[in-house]
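Participant: Structure below; questions to follow.
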Amino acid sequence: MRTRMTSTPLDKIRNFSIVAHIDHGKSTLSDRLIQTTGGLTAREMSAQVLDNMDIEKERGITIKAQTVRLTYKAADGETYILNLMDTPGHVDFAYEVSRSLAACEGSILVVDASQGVEAQTLANVYQAIDNNHEIVPVLNKVDLPAADVDRVKAQIEDVIGLDASDAVECSAKTGVGIPEVLEAIVTRLPPPKGDPNAPLKALLVDAWYDAYLGVVVLVRIFDGSLKAGQQVRMMQTGATHRIDKVGVFTPKATDVEYLGPGEVGFFTASIKEVADAAVGDTITDEKKPTAEALKGFKEVVPVVFCGLFPVDAADFEDLRAAVGKLRLNDASFTYEMESSAALGFGFRCGFLGLLHLEIIQERLSREFDLDLIATAPSVVYKIKLRNGDEIELHNPADLPDVMQIEEIAEPWIKATIFTPDDYLGGVIKLCQDRRGMQRELSYVGSRAMVVYDLPLNEVVFDFYDRLKSISKGYASFDYQLEDYRAGDLVKMSILVNSEPVDALSMLVHRSRAESRGRGMCEKMKELIPQHMFVIPIQAAIGGRIIARETVRALRKDVTAKCYGGDASRKKKLLEKQKEGKKRMRQFGKVEIPQEAFIAALKMDED
C-alpha cells in the first residue's frame, strides 16, 4: 500500500537511537513510545515489539538493530516524524551499534535510576559522542523504591561528563514521563541535513533475510532519493541491484513511493544472502553516483573461533543446512568444514565474541533441534615464522612445527569493569590471575571502575561467569580489542593411552599450562570408564609430559579356579594375564564417551 507522495521536510524529522546497558529498560521504553504515538493498536502491542527473536526476549537483549517510524503531534501543534533506531547493547555487536548511531543525529541515554551507570552504558555513550550526537539523559524506573535520582544524576556528570541537571525522569513500565521524553526528542535533538537534488547517498544500517522477499535492507538516506525501479550500486562490494520496493516500518512494514533525505526505511532488491549487503556500506545511484562514500565502513572480522560437531554423526547434513541458514541472516558469522579424529565431521565457526557464540549455539539447538558439541573457544593468533612469513592460526591443532616459529602473538583487550567496592579485591585478583595489567582504578561513589589490559585468550574461557560469581552478579564488564602482543605461548596436547586427542589441544601461556593440564587430566580420569588395561591420561607440551593421571584396569580373578595346590600354577596364570594386558594395551582402543569431551571442554578453573 502506498501511503504518501511527498517527502517530509527535514526540520520535521528526528532520527534518534536509545543507548543503555542491558536491563535498563531500553526495549520497554521503545514499546511505550510506539504505544503513545499510536504506532500499534493496544491489541497488536506485544511486550518488546522490536525484539523479534525469542532469544532476544528471553535473555532481555537486543541482537539485531531494528527501526520504527513514529508520527508525533508535538506541543507546538506541528507533526513530526520520529525515526527510532533500536540498537543492540552488547559489546559483541559494537559495530552494528556504531552503524545505527551513524544513521542518527541524537541519542537518548537511558540509565536505570536504581542501578546507575554501568560498563556498557559507558561504551555506547562514547560511541554516540564520537558520532557528534546530541545526548538527552533519561532516568528510567523512577517508580522503584530503590531509585535514587540525585545520586544517578551526579554519577552521569562524574563518569560521563554530561550535564544531567535537566535529565528527563520517567518510568517506562507505568508510562510516567513518556510525553516529556517525546517533547525532549523534538525540542532538544537536531533535525537531519541533506540535499534532495544531490546524487543518492545512503547508509546501509542493517540487513536481514526474509523467506519471501529475500534480503531486506535497512537504509538511512543522506542525499538524493530512493524509489522502486532505481538501479543502485553498493560502493564497497561493487554489486548493482534493481530496487523492487521501498517502505518504512511503523513498526509494520508499509510501502511508500520513495524515501527522501533524512529518512530511514527499507528496500528489497532480490539480493540472495545478507553477506552481499555489508553493514556500513554506502548505496548510490548507478547512473549518477555520489563522489565519495560515507566514512566508517569496516569489514566485520570474527574474533572467537570454536568447532561445532553433531553429537550424532548422522546429523551432519542437518548441521550443514542450519549453519547455511544462519549465515543468510548474520554476515558476521563464518564457518568452514573441519574433521576431527575424535569427533568426526563438523564446522569451525567464527564469532564476534562470546555472547554471539552462545546465541548461535542456542539458535542451532532451539530452531534446528540439533545436539551439538562445541570445542574449547580459541582466538586468532598471529604467528611469525623463521622464514619471515606471517600466518593466522584459527585452530590450535594446526600449529606449525615449533622449530619454524619465531614468535606467537595473541590479541589483547582493554576491559572496563564496574563493581561495588566490596568485591573489588576479588575482581582484581581474577584479573591478575588472568595475566592482566592494571591501567587505572577510580571510584564513583561506592562503585569502583577498573580498567585492565587482558589477553583475550584468558577471557574467552569463563572470565565473565567467574566475574559474575565473584561479585554476586553486580559487576558489569565491557571490552574493546586493543592490539596483538607476543607472548610465551605453548601448545598443550592431551594424550589418552599415548594417542593425542585433537579436539582437546589448546594454546596456553607457559605459566598456566601445568595447572590447566592437571585440571584437564583429572576431569578426564573421572569420566573415562575403566577398560581391561591401564589407561594413562597425559598433558604434554611438545615431548614433555607436564601432568598425568591413570585410569586403573578392570581385573579378572584368573586364579579363582585354583583350589590350594602349587603356587607356581597361580604365578603362571597371572603372568599369562599380564602378557595379555600388555598386548591389549598396545592394540586396544580407548572409547572416550561424549560426556567426557563436553565436561573437559566446559572445565571451570578454580
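Even glycines carry a Cβ here, placed using N, Cα and C.
Not my notes, these are from Swiss-Prot:
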BINDING   Asp23, His24, Gly25, Lys26, Ser27, Thr28, Asn140, Lys141, Val142, Asp143  GTP binding site
DOMAIN    11-193  domain 'tr-type G'
Participant: Across the whole of the domain 'tr-type G' (11-193), what does the mean pLDDT come to? Round it, please.
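Facilitator: Here the mean pLDDT over the domain 'tr-type G' (11-193) amounts to 74.
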Participant: Given the binding-site residues Ser27, Asn140, which one has the fewest other C-beta atoms within 10 angstroms of its C-beta?
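Facilitator: Among the binding-site residues Ser27, Asn140, the lowest count of other Cβ atoms within 10 Å belongs to Ser27.
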Participant: Taking every protein chain in this structure into account, which of the binding-site residues Gly25, Val142 has the most other Cβ atoms within 10 Å of its Cβ?
Facilitator: Gly25
Participant: Could you tell me which three-state DSSP class Gly25 (GTP binding site) falls into?
Facilitator: coil
Participant: Check Val142 (GTP binding site) against DSSP and tell me helix, strand or coil, would you?
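Facilitator: In three-state terms, Val142 (GTP binding site) counts as coil.
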